[in-house]
Structures are given as C-alpha cells and as structure tokens.
2 protein chains.
Amino acid sequence: MRFCPFSQRVHLILDAKGIPHHKIYIDLIDKPEWYKDYSPLGKVPALQLTSVKEQPTLVESLIITEYLDEQYPELRLFPTDTLQKAQDKILIERFAPVVSAVYPVLTCNPSAPTDALTNFETALDVFEQELARRGSPYFAGQTIGIVDYMIWPWFERFPSLKLTTEQKYELKPERFGLLLKWRELVSQNEAVGKTALDAQLHADFQSSKRLGKPQYDIAFRA
Amino acid sequence: MRFCPFSQRVHLILDAKGIPHHKIYIDLIDKPEWYKDYSPLGKVPALQLTSVKEQPTLVESLIITEYLDEQYPELRLFPTDTLQKAQDKILIERFAPVVSAVYPVLTCNPSAPTDALTNFETALDVFEQELARRGSPYFAGQTIGIVDYMIWPWFERFPSLKLTTEQKYELKPERFGLLLKWRELVSQNEAVGKTALDAQLHADFQSSKRLGKPQYDIAFRA
C-alpha cells in the first residue's frame, strides 16, 4: 500500500541497497483474494523472494529488513557489533509509543484523545535525547543507518499535521532541534527521495480515508 | 516477574546456554522505583549486562534472545541460514494471535469473548500444520531450537485451562496431536524443567490476579 509507513521501510532498504525488485500495490480495504497466499494475515508489506527456491514470501518490515541486510551485506545498515545492534533494535521498538500516540491525529480521527500530541511529544523526547547522547548527525553515526531508515516514514508524514490540524501543528525547534536538523539531512538521502510523497499528498490521503473511501491511487497522480 | 511468559523466554535461553546470571523478581503492580532506570517503560524482562562496559540493560524478550544467541554461539538456537532465521522469526510473530486470543481465558477474565477459545484454536492450527510441514519432532528439527523455546511458556500455561474453565478445556489430540507430542518432548528439556511451574500454581496465580491482588510470591512457596 503506497501510503503504508511499514511498506515504505522495506522500499527504503531495497532502494538503499540497490536490490532489483518489482512493486505491487494493493488496496488495503478491498484486498485482492490472492494476497493472503503471500501474507496469511493480510498485512503489508510482504516480500516474495522470486530468485530463491520455492519463492518464499517474508512479512513483517523489521524481519524483512534484517534479512535483506544480512543477504546483501555490501552496504551494512545494522551495526555489526552484537550489542549495538540489540540497542538499535530496542530504540526502533521505542518508536512504537511515538506512532501510537500520533496515529489518531495523523489519520485525522475526530475522536483523537485531546492529549495525543502531548503524549506524542513526550515519546519523541526519547529520540531527541538519544541523538544528543550519540552526538552524531544520524542515529547511525556520520552516515545513515538502520534506525534512521526505520523511523523515517513517520517523519515524512509529520509535516502533514500542519495542514490537517486546527492549530497547524509543527515540531518546535526549541524542543526538537536535533531531530529537525536530522530530518533535513535524511530528506536529502537518495533512497528517501525515491519513496518520498509530499505533505499535501499525505494530508489528502488521510482526508480521503477519514471520509470512508481511502484514495490509494492519488499517490500516482503525478 | 515469576509468572511472566516473556521473562520465562529469557530465563530459558540463559539456562539452555548455561550463562551465569542472577535473577531479581519484581512486583508488576507495585513496581520498585529503581526499575525504570533499567526498563524505561517498566516492561519485563530486562537484562543488565554486568560484565560489559557501562553495564547496559537490554529489554524485549526476542531482542535479548537474539543478542544472547549471537554472543554465546556455542549452542546455536537460531538457524544460521539467513532465510530460515527470518522464517522462524515470522513463525514466532504468528504466535501473537494465539496469545491474544487465549489471554482473556488464561487470565480468568470474566468478560472474555465467548469465541475466545475458538479463535485460539484457529490461530494454533498454524503451528500444528507447521509441525506437520516440517516433519520433525521439534520446530527446529531433531533437537530443540528457538521457535520451540519462544512459544513454550504459553504451552506450560495451557494445562491450567483445565483447572480454571467451566468446560475443563484441554487441547484435543485429534486436532493438535503433533503439538501434544511436541509438548511432551519439550517438557522433558532440562532448561524447561528449570523454569517450570505446574498447572495448579499457574491457575492459583491467575485466580489471585483476578481477585485484584496478584500473589507473585506463591511461585516460591514450595
């Protein structure tokens, strides 16, 4: 699904590593019958390994990502150090409270809790602090790495809040200064550019979804 | 927490690999102040690496498990093949619907959905079928491995359903024959024996929890 942040994670890794692939987008509401043969629970993304014997399909964005990183190790995205790798995975897990707090606002849910954005900022503080603690432009260091790519899809979507919320919400530079610099840097990454959709398009999609008829295809209107 | 299946996963791996460790059990309702210094979200398990510089703490049972498997590779529990490893991780993820379906019944929740056990069995069918497909006594093959250990804690708890449900629920041999044979085999594993609590104790704990005062300490009454 072209607007799915979890699918985007996998697209980013495929592009970052230059792995030849073919994308098929599906309608998540009106799922094609054949899709459950690839993803039994109907979740996206699913990656079929067409050059592997029996052409198995993998699901779960993080599992796919780690598989691709091990299988195509020319550009290593996960740390090779076992402990650092575990700590990066824990940091990626710590993004779940950010997502769950902001999700109702991001999806223009009229019954979003009134403290949703407050909780979102509290959860995001962890990442501002972690960038400060690591003292590097990217979470991975001097170059982009796995944490950067795995949390990016939501940062691409946050600017749509300015267009969809009454208070024209934006991340405040005095609180999220390092993350805003990081966002600027990451947005210039080549793989990120290849999968990018702009804030207006994300806002339009969420509006269509709230109205009960998600317009998946507007991503392709060019 | 002595009754936490996620903590038990880590205990199993520590015991299986013979890694020296020290356990501290906490009261999940009345959490000690110091615990959030180790697990910021208050989740169990947390594993502090006391012999590593700065003594970092890891959280999330699967991340800890994979770390331990890479750090102590003498007895490999994850497949070394990248694809098989990814597929085993996906299978472990597929256990989540089993857990979420059975959880309200297992915890004696009076408002458990009436179709909870039906949904539980449907989710569990995947594992019966997968054992058949793999054609081996363990999910890992001829010896115990990561999938076996990761799903075991819930199989230890299922027999408590016979004691706590009105219909004295048990897994039916005609539907779950391979899994029941597997359960018998795994229950004889040494690491499994070290962390084992019997069905009556699990039932007693759940009853105490339902009454609003979880008796964590009954695990140590012996």
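Backbone N, Cα and C define each Cβ position, glycine as well.
Look at TrEMBL and you will find B:1-76 tagged as domain 'GST N-terminal'. Annotation source TrEMBL lists domain 'GST C-terminal' at B:81-215.
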What average pLDDT does the predicted model assign to the domain 'GST N-terminal' (B:1-76)?
-> 96
Residue counts in helix (H, G, I), strand (E, B) and coil for the domain 'GST C-terminal' (B:81-215), per DSSP?
-> 92 helix, 2 strand, 41 coil
Count the residues of the domain 'GST N-terminal' (B:1-76) that DSSP assigns to helix (H, G, I), to strand (E, B) and to coil, and report the three numbers in that order.
-> 28 helix, 6 strand, 42 coil
